[in-house]
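Presented below is the structure to which this report refers.
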Amino acid sequence: MKRDLHQFQTPDTRFPNHGTATNTSSSSKDKMMMVKEEDDGDELLAMLGYKVKSSEMAEVALKLEQLETMMGNVQEDGLLSNLATDTVHYNPSELYSWLDNMLTEFNPPPPPPEINSSFLTGTASDYDLKAIPGNAIYARSSSSSNQPCDNNNNSKRLKSCSSPDSMLTTTTTLTTATESTRSMATESTRFTESTRSMATESTRSMIIESTRLNESTRSVPTESTRSMVLVDSQENGVRLVHALMACAEAVQSNDLSLAEALVKQIGFLAVSQAGAMRKVATYFAEALARRIYRLSPPRSHVDHSLSDTLQTHFYETCPYLKFAHFTANQAILEAFEGKKRVHVIDFSMSQGLQWPALMQALALREGGPPVFRLTGIGPPAADGSDHLHEVGCKLAQLAEAIHVEFEYRGFVASSLADLDATMLELRPSETEAVAVNSVFELHKLLGRTGGVEKVLSVVKEIKPVIFTVVEQESSHNGPVFLDRFTEALHYYSTLFDSLEGVPSSQDKVMSEVYLGKQICNLVACEGADRVERHETLSQWANRFGTSGFAPAHLGSNAFKQASMLLALFNGGEGYRVEESNGCLMLGWHTRPLITTSAWKLAAAR
Amino acid sequence: MAGNDEVNLIESRTVVPLNTWVLISNFKLAYTLLRRPDGTINRHLAEFLDRKVTANANPVNGVFSFDVIIDRSINLLSRVYRPAYAEGPRPSVLDLEKPVDSEVVPVILFFHGGSFAHSSANSAIYDTLCRRLVGVCKCVVVSVNYRRAPEHPYPCAYDDGWIALNWVSSRTWLKSKKDSKVHIFLAGDSSGGNIAHNVALKAGEAGLINVLGNVLLNPMFGGEERTESEKRLDGKYFVTVRDRDWYWKAFLPQGEDREHPACNPFSLRGKSLRGLCFPKSLVVVAGLDLIRDWQLGYVEGLKKAGHEVKLMHLEKATVGFYLLPNNVHFHNVMDEVSAFVNAEN
């Protein structure tokens, strides 16, 4: 029923909205009385994580009231639980749109008649593990990259795998391994739980676009935050940390003899330390030593097969990469809804670990899979081998097995900034929907002037329906060495701490080496060599915002599934998924460590 | 919900500022979505909706914070809030646990609210509240991320509180110079107030740790009887008797009713507090909180048992008034808490 808005516009005038940020020292009563500008967000609510414009407060109150009345009138708890279970929620900080979303849910349009009602009653809590990326998907083929292509019985496919590549000047273009079977096999139309788990549970109000979203990007605080999780004091090796910091400080002020002495001291201290701290300290000490002695560190771009191998071990050991792939795939899947031809451009192609799960989900899609094209961009292999081609072959085999029409192209590029949109053979957007995906790659461009800007302009030319980005959530690219060092020390300490619960294994050791190489690059390198230039979500969001991208929010369905994925991991109790401004972060306890965000082209004004 | 919904909503709207109304109504709405009829909580949605903030070792408004895993076996985390140091702008990790340097520094061991089932130490509402406490009281605050119901019912929250008390008590860097001891106060709102009471009880029984005082903000107590305030205020100011019942059922052991001492410390089933070692208490009661009568009964019970208690009865305050500094109750309470924990100075 209608309600006069004026009822909500006369707060008790004794207590107008408090304007300034809290500083409640001494007599706190003095700080009360400042009324805020109408246009700005309510500052007090902003401090508590809610973005509501003062001018919209009354409307938001009205929506709350409407929802409450509706829920109060609902006789059966079942309807209420649908709102909780089946509705996908987005960005709860934006109260206006969050409430609107629910109000829409409560008055849903009638469902289309062809939907099988049994499909809808499956509980969202059942989770089909087939959709989880990783070993399960690669069950058919060995994880070794040396596996020859010819272990399948269809010789026609083999020929396209091993056909010679045509060489271009700066990139290697691989021939496509085209799937010729287009089976819309009727046996695959059974709707399993995995369909629900990857497909959107609610197709309505999926990605909410409004000018509000751009504002929320800008309002993200720019002061740095140092978030620290310490394991109980006795364990954290204060002397060791002290020596590391002092050494870094000495390096920064170019007092190399002091730095040298401290590096040696760190070595001794590290040996007597236990657990994660010992390992972290050792890597940081080695990196400091390299910096002091100006030893050129192992240049990772020379040996990509090693990098790939290490990354695979890291993938197996802990959930970070799986989370990255899973959440990015979720956003891609949602963006590809209803599209008959889709194209993924992967800036982070190494072993292609992300794609089997997406292909699986597309195969199980209601209405059948789209035609799936994948362009993988990766760095050159040291031994000249065509590893991108091999990856393509494996994916082609999978595509055949799951009856997805598949096309693949690999591009070798030393830097993403070498890419031009024309190389990618884009098709008209009416016929093919494109997703661009980048996992832990964009930060590498920050060492080169104009690098990231070039890549972002290429992405815009591609006109993707979605641009998924996963990056480390930390500020490792500041101008002051000591600050970078300190941030990195905390970041990697937390990361290594999260690995402590993993039983010792080859995988685990290699994972630590993988992280150690990042530490080494971060600490010992400068200029173009320093590629591990991690930045935070707020920094990336500013960059994307000013480059013409708008956020595409990840919702509660992705959050829940990511959380459930984590529960499968040994020691999973410390991992946490957090939602922030429509992005999902995976962290260890209270410290976010990686962030998945999704972007689309901002609407033209 | 009892009563006329239209009237209820208008009534609650007249007693709090609009943004407070929006905040608390939002929580009420979210919590209604999260509570399932079968007594479970939609935990994934709860964590998705909860607005969290990281700790920050860079001082903001004169306060910095960091997180510590105080018990690895149960992943018990606490967030420590400290006043910024006079010298230098940013404490390095070495300085986070720098010894407090005053003769007397109160340390508040804080238990956030949420009816035993909601929120965390890193929830934005509680991070903000704890920072304000440090700013006003010039103290250290340690906020405990205790395990929640229904997944972890009684006595998990109390056990975690006890572990945290022992942890705080044994931190050398929290010892006041005057007597080389940690000057500990227990504090909490809603379920946190209940936890503070129970941890103080246990401390008194164990006898080793001296708790200097309890600060209970709208503490969560109840019982089988329907008190006058519960009947009169049911559904009127953001809270319903039904939801209170739900949370007690989620927290208390299966089969127990609300006369369990955890819910009703002065029930016939509870043991007498007379003669027990128990700290002085500051109990803040919001007059429009439907469990007001239980809270007032708690105060009476403490008095009858011979324990020192100061009551602040804020007749026009609702639940959650202390979450925003836009009302006179907030400021009055903060000043009282500061006086309470700094009484020795």
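Any Cβ shown, glycine's included, is placed from N, Cα and C.
In TrEMBL, the motif 'VHIID' annotation falls on A:342-346 of the listed ranges A:237-241, A:342-346, A:362-366. Checking the ranges A:258-290, A:390-422 against TrEMBL, the region 'Leucine repeat II (LRII)' annotation falls on A:390-422. Across the region 'VHIID' (A:311-376), the model assigns an average pLDDT of 94. Taken residue by residue, the region 'Leucine repeat II (LRII)' (A:390-422) breaks down under DSSP into 17 helix, 7 strand, 9 coil.
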